[in-house]
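If you look up Swiss-Prot, you'll see HIS430 marked as active site, tele-phosphohistidine intermediate. Swiss-Prot lists CYS761 with the feature active site, proton donor, giving similarity to another entry as the kind of evidence. Look at Swiss-Prot and you will find ARG520, ARG588, GLU690, GLY711, SER712, ASN713, ASP714 tagged as substrate binding site, backed by similarity to another entry. Residues or ranges marked as Mg(2+) binding site by Swiss-Prot: GLU690, ASP714.
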Amino acid sequence: MRYIKFFKELNNKNVNLVGGKNASIGEMFQELVPIGIKVPDGFAITSEAYWYLLEQGGAKQKIIELLENVDATEIDVLKIRSKQIRELIFGTPFPSDLRDEIFQAYEILSQQYHMKEADVAVRSSATAEDLPDASFAGQQDTYLNIKGKTELIHYIKSCLASLFTDRAISYRASRGFDHLKVALSVGVQKMVRADKGSAGVMFSIDTETGFKDAVFITSAWGLGENVVGGTINPDEFYVFKPTLEQNKRPIIKRQLGNKTQKMVYAPRGSEHPTRNIKTTKKEWQSFSLSDEDVLILAKYAIEIEKHYSKEAKQYRPMDIEWAKDGESGEIFIVQARPETVQSQKSKEESQVFEKFKFKNPNEKKEIILQGRAIGSKIGSGKVRIINDLEHMNSFKEGEILVTDNTDPDWEPCMKKASAVITNRGGRTCHAAIVAREIGVPAIVGVSGATDSLYTGMEITVSCAEGEEGYVYAGIYEHEIERVELSNMQETQTKIYINIGNPEKAFGFSQLPNHGVGLARMEMIILNQIKAHPLALVDLHHKKSVKEKNEIENLMAGYANPKDFFVKKIAEGIGMISAAFYPKPVIVRTSDFKSNEYMRMLGGSSYEPNEENPMLGYRGASRYYSESYNEAFSWECEALALVREEMGLTNMKVMIPFLRTIEEGKKVLEILRKNNLESGKNGLEIYIMCELPVNVILADDFLSLFDGFSIGSNDLTQLTLGVDRDSELVSHVFDERNEAMLKMFKKAIEACKRHNKYCGICGQAPSDYPEVTEFLVKEGITSISLNPDSVIPTWNAVAKLEKELKEHGLTEH
């Protein structure tokens, strides 16, 4: 056949003939199907067929005339001309020989699947589409559940006409593509019955930070167009590549989306071949993929990335669409294309750490809305709410676009915006891809944004605070911090990072670092669990109906309270451990005080009213107590899951506020019973050296544990007898006090005697350069810092070590 190529005949060398999308499907058919990756079969109508059609009745010359002198920024003119061109294409009949070939290929495909008329997806594939430096995200149309020759011909024509929507013309013009040097091929692919299963998009790289070792998967019930088009908030999953390839099960994040609707087949004879129906409560409260499905998809992503990288002779992260057949249970890859944002960063750019931050971080800001952050920038300006494309020309340069959902038709408008906010959408929808590509901060899935905000309102949009994006009332000044990482000198003293929020881990891992010196378990409980641990252990007692309902809503998607707690904690710790892998990540077990636990959901039923919570029921004393030990055993299970199931053996454990040797033995026994034993699979167990007794009896504690991390905050408080929360005596609280320096020195010397680890994770090194200098001179193993202190402290330590070496004074 002259104008038809079956997928098995194609590969990536055929882009000019069948476009990027079809060439890529052919490539997978030839190279990846043989190794077990499933791809639905089909055929491509070549770009030669497109030119053949335009030759009929002088259509090509008429298109040239209509596009002459069109300015892509003149939206009204663009709309009129694009409509005229599409009508021209629709009015041009297919030559009979071309139509006959299409019908013959469709019959062959139908017979292959033992069907009279196969249900197919009809997808556009532009010859300039899906190239590494341009996503063409959604620029041409896709139609699902097309059945029969009449429908097939109609929707193929619709695809060809979609090459001349106003958005597609604008996009090509902005990228310097000649309109009549970009041709369109059409792919016809057997449908996967995802209407009875689920579908979505995955990336073989983290889309926001460029972290290379994670697969990011989005998923929803039904056909995948709702995920791609951003009309729902999908489920999200992250899988860690290195340990997945070691046959571990490293699902390091699960996030339940609301999935309010799903796209299914419409009855035959309907106006449209698909329709959206509401999901049931059970569907939106359940994950749309099982863990097994998530791991299969991640393995597919790794193999696809490896193949395309090998072919390109360079690292090539991929953007992949997938579908799960609800009848057979099989998972199929339906498209794969190069990722177009993170992969295009130059080597020089990757050597620069760039961070957007507020000029006055301590200034109080009112959060009015939040959603999923796209990018890592900050934008501010006046709101412009636009509910439909007809009013797009009212949008002014520098305004903040607020709408229900930005599909690629909005691209000319998005280019002018200082930020974008949508009611609906996930991080892999077309709008998110385009926002990243043009470098505009966007927050998607902000429920009720168009109702809560109003045109003319001044707001600030921040995507610089992790995966959650925040909308603040008012304008707040921001600045950009840029650091040349290539200029950083290596240090002997290890520089670690303190981290409490797993969502920031991928970004923080790009700072110069040797690992994580303090990952705070209690912050993960606070932000991920939100309920008091004992309120989960004891779900059916001591609670109001309201509290019980709130807890059950938090648990949606998980089998029971224990499953929720253990997996959520493991995901948080896993995310941090994966971000810094294989560098050490020291996780401190929970260290909330009774007054802090009391403020959590359901907490008032389980906590005593203490006169002095700072010195009361906290740290190790909780772990073996009759009232709390079951909750602590769940914590231990989560830690064991990270090491054993996820394979993240770089994670180490640290026990806080350990008062006596006897307590130490009790805690070690609980850890052992939960498969956490020093030396087993490289595990090290440290304690916080934060009580004077830890220093006084350092040799005894170090006979039980693998090292110390000095907690300078509590150690200063308890050595100087100062309540660190009291303003009245705050002037006395000073880690530079001579007594404190002696405490630090004794702790370091004890660890050296036992040849064991000694770090510091308190606030002192972040605040006082002279404390850092003292610790380096004493030969401390590591200094763990808040992220904003890492770069200046690193440079100071490197300079100091150089001076010490020159004078022969180094302690290392």
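Even glycines carry a Cβ here, placed using N, Cα and C.
Feature map: annotations from Swiss-Prot on the structure.
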{"residue": "HIS430", "record": "active site, tele-phosphohistidine intermediate", "DSSP class": "helix"}
{"residue": "ARG520", "record": "substrate binding site", "DSSP class": "strand"}
{"residue": "ARG588", "record": "substrate binding site", "DSSP class": "strand"}
{"residue": "GLU690", "record": "substrate binding site", "DSSP class": "coil"}
{"residue": "GLY711", "record": "substrate binding site", "DSSP class": "coil"}
{"residue": "CYS761", "record": "active site, proton donor", "DSSP class": "coil"}
Give me the non-local Cβ neighbours of ASP714 (substrate binding site): same chain, 6+ apart in sequence, Cβ-Cβ under 8 Å, ordered along the sequence.
PHE657, MET688, GLU690, LEU691, ARG724, GLY762
Ten-angstrom check, please: count other Cβ atoms within 10 Å of the Cβ of ASN713 (substrate binding site), all chains counted.
16
Max Cα-Cα distance in Å among ARG520, ARG588, GLU690, GLY711, SER712, ASN713, ASP714, the residues listed as binding substrate?
15
Out of HIS430, ARG520, ARG588, GLY711, ASN713, point to the one nearest the residue listed as 'active site, proton donor' in space (Cα versus Cα); all of them are recorded positions in the record.
GLY711
Sequence-distant neighbours of ARG588 (substrate binding site) in its chain (C-beta under 8 A, six or more apart):
LEU518, ALA519, ARG520, MET521, MET654, ILE655, PRO656, MET688, SER709, CYS761
Other than ARG520, ARG588, GLU690, GLY711, SER712, ASN713, ASP714 themselves, what residues in this chain have Cβ atoms within 8 Å of the centroid of the substrate site's Cβ atoms?
LEU518, ASP591, PRO656, MET688, SER709, ILE710, LEU715, CYS761, GLY762
For SER712 (substrate binding site), which residues of its chain lie six or more apart in sequence with Cβ-Cβ distance below 8 Å?
GLU690, GLU735, MET740, PHE744, ILE760, GLY762, GLN763, ALA764, PRO765, VAL771
Starting from each candidate's C-beta and looking 10 angstroms out, tell me which of the recorded positions ARG520, GLU690, GLY711, CYS761 has the most other C-beta atoms.
CYS761
